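What follows is a single structure, written as structure tokens, with notes after it.
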Amino acid sequence: MSEKREEFNKDNYSADSIQALEGMEHVRMRPSMYIGDTGVRGLHHLVYEVVDNSIDEALAGHCDNISVTINEDNSITTEDDGRGIPVDLHKKEGVSALEVVMTKIGAGGKFDKDSYKVSGGLHGVGVSCVNALSDHLKATVYRKGEIWEQEYEKGKPMYPVKKIGDTDKRGTIVTFKPDPAIFTQTLEYSYETLASRMRELAYLNKGITIHLIDRRHKKEDGSFEGETFHSEEGLKEFIKFLDGNREPLTREVIAFEGEKNGVPVEVAMVYNTSYAENLHSYVNNINTHEGGTHLSGFRRGLTHTLKKYADESGMLDKLKFDIAGDDFREGLTAIISVKVQEPQFEGQTKTKLGNREVSASVSQAVSEMLTDYLEEHPEDAKIIVQKVILAAQARHAAQKAREMVQRKTVMSIGGLPGKLSDCSEQDPSKCEVFLVEGDSAGGTAKQGRNREFQAILPLRGKILNVEKAMSHKVFENEEIKNIYTALGVTIGTEEDSKALNLSKLRYHKVVIMCDADIDGSHIATLILTFFFRYMRELVENGHIYIATPPLYLVKKGARKQYAWSDEERDKIIEEYGDGAKIQRYKGLGEMNAEQLWDTTMNPEFRTMRLVQIENGVEADRVFSMLMGDDVPPRREFIEKNAIYANIDA
Ligand code: 0RA
């Protein structure tokens, strides 16, 4: 066997291996088809792909520890204590199984039929994809007393799989360095992004320990930055983490774990005092943003069980209005996690589960868990039903308020908000609207803009904190009504009275422009919270941007330059030498119209940050934290992160 491997050379490849190579070439030619994109997301996706394999090994019961290390050069090392990728001869391919796993697209762990393989799904393109998109990758396997190794360049083996020693350890180590020719935007890993995914994985797969180590940053004691994620209670703890900034209505998290019709189902939920519905669903550890059959099963089970209980308890007897499905989910945070052998993913972003059989499984699980809970906790049951009744009441009030917004918008041909300085261009795809904090900055922006395609909507002071307001209050708020009307966004379509109607969106770029200080950041965050909770599709479709005004102007004689950071400022000062004058911009108001145009509004020179939702769970938690009552963590977060956004042109 090993002799055969030593004979390795390119000409020895069987027809299938040549096809494999072509597969790898295809990944390099069309990376987005495999990993979504080649930006920040795709870069991080590589890590998830490799870790998925270790998670599978853990789910099969053979691995407890996984570690992910960000190395100093931004390469990644993952290590697990599983059985190790098999290294013996793969009969069909004529090479080591390790090589097949690493170089054949879609090979995965297919040759091990017994293993419980469910992770992957949407991502499940396999570690070979990561290999194809890496400048260099090294796989080391500790298996059956031996250590084996193979290295690759852009997915091509540099030598046959070789034995490099003996060991009493078990496991697989993979180190890869993403190819700069593929990932042209950035090669830098975000600790926070990886941490939130590893945390999520630890909650979704209880019992597994995941270490994250960042070798780029040392702590004072000389050790590296990092965290260890481990959850004994899984989703129950996930809910507590998610809702840490909200006030629970009941003391316990309601949870279910089991198998229904052959589908492993885990559900956890709790009601809180907020008005937002926070449902997060997963299939095979992948967040299903667009929901699907598991989520509709959850909703059905919840509505049915609670309604039945409320009816039987007589609490609805004197009710003058109907209760709708939505009312059962106000102030509800829930996580649904299912494992599906052959998931069918649908929808725009392929994150909607299509498998019909899953719906009944989840619905049954929820009915069972809730029925038990309500019977055993009559006090909590009463609190929950009362909350539902209140929600129904508020919904009726909100409906009236929404109809007002809608009527205003329908009549809005010529009925745009008085404060809006509109642009002359009619094609929405060319139009931008700047939401500007304060009337004075609004005035400057109005003078500075290009009126052809840039509109200005000044907003007065702090806008309503939607995180803490009931929805009819939101629709009654003047500034928010102005945003709806100015943007041409209405609520209610034929199928769904609450759905967002974006067909008349008047601007494809909606730019939040606030002062570059802590208050400005807070206001920007309030506006973002509104978009996140009430116009999420605008965010998801990439319409929301944040303007980045400069922090400093450095001048010397006739020379002047703007700076967006302290480092940039210092560099310019150094360049200019003695006598450089520095002006610190505390707010937009300190700039004149021309300066604002030059630095912040002119598409040729400005930098705007596109707001993206990287991780729905994390975004939800962050917004609830930012808008909650606890001030210190919020200040600290805002100062540190400014805003949850990615850099874009
Ligand atoms: C297929 C079969 C077996 C192990 C694995 C795959 C495996 C893959 C990865 C990827 C990262 N870590 C991993 N650990 C294990 C083992 C089959 C056997 O031992 O019988």
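Backbone N, Cα and C atoms are what each Cβ position is placed from, and that goes for glycine too.
Here TrEMBL flags GLU437, ASP515 as Mg(2+) 1 binding site. Taken from TrEMBL, the feature Mg(2+) 2 binding site applies to ASP515, ASP517. Look at TrEMBL and you will find 431-550 tagged as domain 'Toprim'. Per TrEMBL, site 'Interaction with DNA' is recorded for LYS462, ASN465.
Taking every protein chain shown into account, GLU437, ASP515, ASP517 are the binding-site residues, and of these the Cβ with the most other Cβ atoms within 10 Å belongs to GLU437. Cβ neighbours of ASN465 (site 'Interaction with DNA') (same chain, under 8 Å, six or more residues apart in sequence): LEU526, THR529, MET627. Cα-Cα distance from ASP517 (Mg(2+) 2 binding site) to GLU437 (Mg(2+) 1 binding site): 12 Å (rounded to the nearest whole number).
Look at ASN465 (site 'Interaction with DNA'): DSSP puts it in coil. Confidence annotation: the domain 'Toprim' (431-550) carries a mean pLDDT of 89 in the model.
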